[in-house]
Ligand SMILES: C[C@H](O)[C@@H](O)[C@@H](O)C(=O)CO
Ligand SMILES: [Mn+2]
């Protein structure tokens, strides 16, 4: 079940291009070119799904494209079909700019088949020169090994590039035209929660919607939520979300009746925030059409601190449940809802969600623990992957319960999966490994319940973050690494020193001895903000490809140079990849900038 959003699911358009010389050359190639397009479409359709679970669908141009007229026919078809991604394929020479796709907003790649009978790769070079000269950056895909004419197998290196390109391009297409829903506004002076409409509009094509938190109170007071669903949700919560220990000082603890009221409130808040994001036909049936339409939000943020949380229960339950891959309605696509309305962290959560189809971890990048400091406070040595230190990721609020690390792959390794691969038992295990202690009432005077768990397993993950830099624009940071499990006697002492009612993930980035990745400490020291979004898997290369499509330069990453895949034009900005990225992004400017 996809979260209901207005607008079509983007299609992938495949453009078979051909040498236009009729009476011999073109005829001899028609079949081979179309077969290559069909092979690409089958490969893409059988390997990719969208985060809502839909299969990715391809549209192939009606004819091979030999010149500008057929290029225009293809563009018209793509427009009608809702194509958001364009992949041009050919095994032969074609007329570079005559067959090109000139829509500046659609991410584009060209796969030039590496053969000798008919020169697809030399066309690729001509086409890319044209795209570069015209300011339409395109990705070039060219297999390392020569293939024979008529061979429609897609070599591994080409497969990897096609998938990387399509995944990132689909992310671009899915964001365009959607909304960020800011519930409340700026939280505790956090710059990322001063939602920057220009950034969202110009770089992501996402509009920003602002709703005051009093809208939640109004909907509670006036009963603008589905009462039946509320009863179901409350019952499910009582059965599945175990209340944790109240660690508040006795004088600020509240009684059972007040706690019952807080549980009811946080469940209502969850329904209401979801309805505000994506709408709810039930509200339309109840006579609340405006509310029932929602805001077409692909992501959002909840300010909470301080005005709301000083007065009302915090949104930790709301954020954690919405960001998980399940609730009282069963297993479903995770939402993306940033705590403290940190919209810039919300954006990287969205990138991770769109690239992997999984739910996302939101955390404070709270503490670097050196081996010496751990030894001093626990008397114990850090060992194995943790031996050079660890980073404590912890925050009340948004972290997905999928991060309990209770889902398994076929080999039994802990993973975080797309919702359609998660079993009922795995959902239950995530819930059983989470308790909900009453919120710390010194921070949250209005109460509420925080999710408490630790990420109990080693998983490959990627932490990322966007920061806005005055004079430069947005920049992206990426750190691949692993979640790690600490022995209980170390975990407990370290956790007790901070906010022991919040979920903890211990993180070790992959270091390489230089720059920001010199060691674990320098990763923490170079992190550009208080928050990070953590996605399952090593997806740094995918993030780099996506950022280049959006013209967001990457200021820090630990991805292997060989895995960096950007539009071919980036090579014209110099050999040093990082400097070239900045120059290219500055030259092209934001994708939707005018
Ligand atoms: C309770 C505190 O205000 C926290 O919310 C704070 O440490 C943060 O998470 C800052 O990002
Ligand atoms: Mn925080």
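Note that Cβ sites are derived from N, Cα and C of the backbone, with glycine treated the same way.
Predicted automatically and left uncurated, TrEMBL annotations should be read as such.
What TrEMBL records for this protein:
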type: ACT_SITE; residues: 340; note: active site, proton acceptor
type: ACT_SITE; residues: 364; note: active site, proton acceptor
type: BINDING; residues: 340, 364, 531; note: Mn(2+) binding site
type: DOMAIN; residues: 10-177; note: domain 'L-fucose isomerase N-terminal-1'
type: DOMAIN; residues: 178-357; note: domain 'L-fucose isomerase N-terminal-2'
type: DOMAIN; residues: 393-557; note: domain 'L-fucose isomerase C-terminal'
Stretch-averaged pLDDT - the domain 'L-fucose isomerase N-terminal-1' (10-177): 95
Protein Cβ atoms within 10 Å of residue 531 (Mn(2+) binding site), excluding its own: 28
Env. residues of Mn(2+) site, Cβ within 8 Å of mean position of 340, 364, 531 Cβ: 190, 339, 342, 345, 362, 363, 395, 397, 529, 530
Structural state of residue 364 (active site, proton acceptor), classified by DSSP into three states: strand
